[in-house]
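Enquirer: Not my notes, these are from Swiss-Prot:
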{"type": "DISULFID", "residues": "Cys5-Cys19", "note": "disulfide bond"}
{"type": "DISULFID", "residues": "Cys9-Cys21", "note": "disulfide bond"}
{"type": "DISULFID", "residues": "Cys14-Cys26", "note": "disulfide bond"}
Amino acid sequence: GLPTCGETCFKGKCYTPGCSCSYPICKKD
């Protein structure tokens, strides 16, 4: 399936494809 967002942003970046930083958690783009 698709990767799940939800990791903590690191310096404003998310490493899961298709996710963006909604500080402090990554959200689906």
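Quick reminder: no glycine exception, Cβ is built from N, Cα and C everywhere.
Set these features in their place in the structure for me.
Expert: Listed in sequence order, the residues of the same chain lying 6 or more apart from Cys19 (disulfide bond) and placing their CB within less than 8 Å of its CB are Pro3, Cys5, Glu7, Cys26, Lys27, Lys28, Asp29.
Counting Cβ atoms from all protein chains shown, Cys9 (disulfide bond) has 17 others lying within 10 Å of its own Cβ.
Under the DSSP three-state reduction, Cys26 (disulfide bond) is assigned to strand. All protein chains considered, the CB of Cys26 (disulfide bond) has 23 other CB atoms within 10 Å.
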Enquirer: Rounded to a whole angstrom, what is the C-alpha distance between Cys14 (disulfide bond) and Cys21 (disulfide bond)?
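Expert: Answer for this pair: 6 Å between alpha carbons.
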Enquirer: Most Cβ neighbours within 10 Å: which of the disulfide-bonded residues Cys5, Cys14, Cys21 is it?
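Expert: Highest number of other Cβ atoms within 10 Å: Cys14.
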